[in-house]
Amino acid sequence: MSAEASTTPAAETPVNGTPETSTTPAAPAAEATAAETAAPSTSQPHSASLYVGELDPSVTEAMLYELFSSIGQVASIRVCRDAVTRRSLGYAYVNYNNTADGERALEDLNYTLIKGKPCRIMWSQRDPALRKTGQGNVFIKNLDAAIDNKALHDTFAAFGNILSCKVAQDEFGNSKGYGFVHYETAEAANNAIKHVNGMLLNDKKVFVGHHISKKDRQSKFEEMKANFTNVYIKNLDQEISEEEFRQMFEKFGEITSATLSRDQEGKSRGFGFVNYSTHDSAQAAVDEMNDKEVKGQKLYVGRAQKKHEREEELRKQYEAARLEKASKYQGVNLYVKNLTDDIDDEKLREMFAPYGTITSAKVMRDTNIERTQTPDSDKEKKEESKEEKPEAAEKTEEAAKESGDDQDKENKKSDKKVLGKSKGFGFVCFSSPDEASKAVTEMNQRMINGKPLYVALAQRKDVRRSQLEASIQARNTIRQQQAAAAAGMPQPYMQPAVFYGPGQQGFIPGGQRGGLPFAPQPGMMMGVPGGRPGQYPGPFPGQQGGRGMGPNQQIPPNFAQGIPMGAMGPGGIPNGMGYPQMGQVQFGRGAGGRGQVPGMPMGQGMRGPGYGQGRGGVPVQGQMRPGQGGRGQNAQPAAGRGEEAPAAGLTAQSLAAAPAPQQKQMLGEALYPKIQAQQPELAGKITGMLLEMDNTELLSLLEDDEALRAKVDEALSVYDEYMKNKGTEGEAAGEAPKPKEAATEESTEENKS
């Protein structure tokens, strides 16, 4: 039998890559449950498949093979792993070629240490019905912490053949104080219960009984809740005695036990328990004594609960309160960020007060850890220094002390309320959703102290996380589609993304190898192999004889995708790619010519078939003039491309009105001239880097030259660091870093050759 066909115990069967949730605390014991009628086939299975549990996550098939092959020939080994993360689930299957080897492995290797953890071996039971019957399954509690799986197995092995034995452990490997032993027959289980129940194991009296499934325990528990007899009382006066406590509750019925909880010194802890013989008496005590004042304190009297019950009730109460709070503040609580450090709670409230009634306004701050020195410590230091000085300086010291006291008073006043540093964001809660909506409309992107505010409805952390994950997934999908569209273009390696400004030649550092330091964005052109713009390898040989384009200036397929409108010259050709600016030029099919350039998409500059003479091409030199002869050229008036003009006076309204893919293009066209004035050589690169930012932040940079200059400097430092790291890698590889100009020339020569 192959390991793929073998199944796991019920508690550890993977469902969609995750272990099945156990139905009982005894689930680990029910792993190998088998009906009494199946005993012969269980002890002598037709297959030789073993289940190996309690494995360390780092255990591999090779480690298990080394251990189990010492017994006999192993047919196959499989460590079960999560379907998604591929992490080990902590158990495996070992298949032998014959049953005898499996029996020897079960006898000799059970509880053997593997990576410091004792493994647990049992026959693999493929029938889940037999695993979940529960016959022969014994539950043991009140175990000493020193008792492990092997010690428990050795203790109970005298009463019959054990199929599975396990001590429950927490996440740190410590015993939880209970365990399970699953016998082959019900008679063996009854025999173990008869002889071990109530015995001392490691000086602790243990309870041994038949395992009850969680479903049965739950139904029994609900019945016990409805017929409770044990009553819990708290808020008791500490002076009350045991006798007074008993007399207080005796009038409701016969009491089997009553006790007050006391500390180590014998003082009352203010609560106790009373157990009645009947449920009616307990219910009467709860109804009569709950919320009753005794010695000036209002009592709480209710059904005694176990710890897990109380925790579950508290969890439900917390969840209900959280949902109620979320629904209460839905649509009225605003999140405000980009606040300056001088804005406190009062100023934040004043900023939003004109838009409605504010119920709360809070600026989030860091926890103030550092405290100024207290006046007491100052006085102590002064007294110490006073003792060290000679008596002749006492008068001077007294004067200094008086002035120091005055300073201490001033410091005390200033230290009354020390606020931490502002985190730059806060929350404002209005009384109605309409007021909150009005505040968002009026205050979002408003300049406050030179910074544009970001105002939006507050969201819970899990909602923000889900939205962010959806956004990232959508972005990755778009990138995959773009990559698939450009799959026909050979790309031995890619340069960093570059933004081409209107009429400018984009700058790409030459001679680089490796991946993109920054992810491409809409409005940026992917870097090209080689060193200079316009150089493409592969099936685009240099054209000779003045036919259209000069050497190393070929147009690759899909090259126009991702180029911003402002960077597109006439005819859909990016400016600065080695082509001169000209009137509207169309690539068309000339009479007897070869037509459109292969793979060239019909861009904005190619609005229809033009018919010229000869092959479609673009002149290498000179400015195109109306009527100028050219092979395969038809001049068009430039008035038809007004939509391609660079955006001027870009506003949030005009940006929001544009389609999402064009927004980055518009921002890039507006940013490029400003950046070019500061960094002419790296303007295209820095623009591409800044386009990674949020649109609202880019709009604020357009309005604030100082902030833009700071961002440009920051981007320049990041770029310099990147180039420095690339140079360091080249030196480590035995190559000296080359200057930009030399690297560019070298890559040009490579492309020519």
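Cβ atoms here come from the backbone N, Cα and C positions, even for glycine.
Feature annotation from Swiss-Prot assigns compositional bias 'Low complexity' to 1-43, 633-649. The annotation compositional bias 'Basic and acidic residues' is assigned in Swiss-Prot to 376-417, 737-753. As annotated by Swiss-Prot, compositional bias 'Gly residues' applies to 607-619. Marked as domain 'RRM 1' by Swiss-Prot: 48-126. Annotation source Swiss-Prot lists domain 'RRM 2' at 136-213. Residues or ranges marked as domain 'RRM 3' by Swiss-Prot: 229-306. Per Swiss-Prot, domain 'RRM 4' is recorded for 332-460, and the stated evidence type is sequence analysis. According to Swiss-Prot, the feature domain 'PABC' maps to 647-724. The region 'Disordered' feature in Swiss-Prot is assigned to 1-49, 363-417, 607-649, 727-753.
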What average pLDDT is reported by the model for the domain 'RRM 4' (332-460)? 73
Looking only at the domain 'RRM 1' (48-126), how are its residues distributed among DSSP helix, strand and coil? 18 helix, 30 strand, 31 coil
Secondary structure of the domain 'RRM 3' (229-306) by DSSP, residue by residue, totals 20 helix, 30 strand, 28 coil
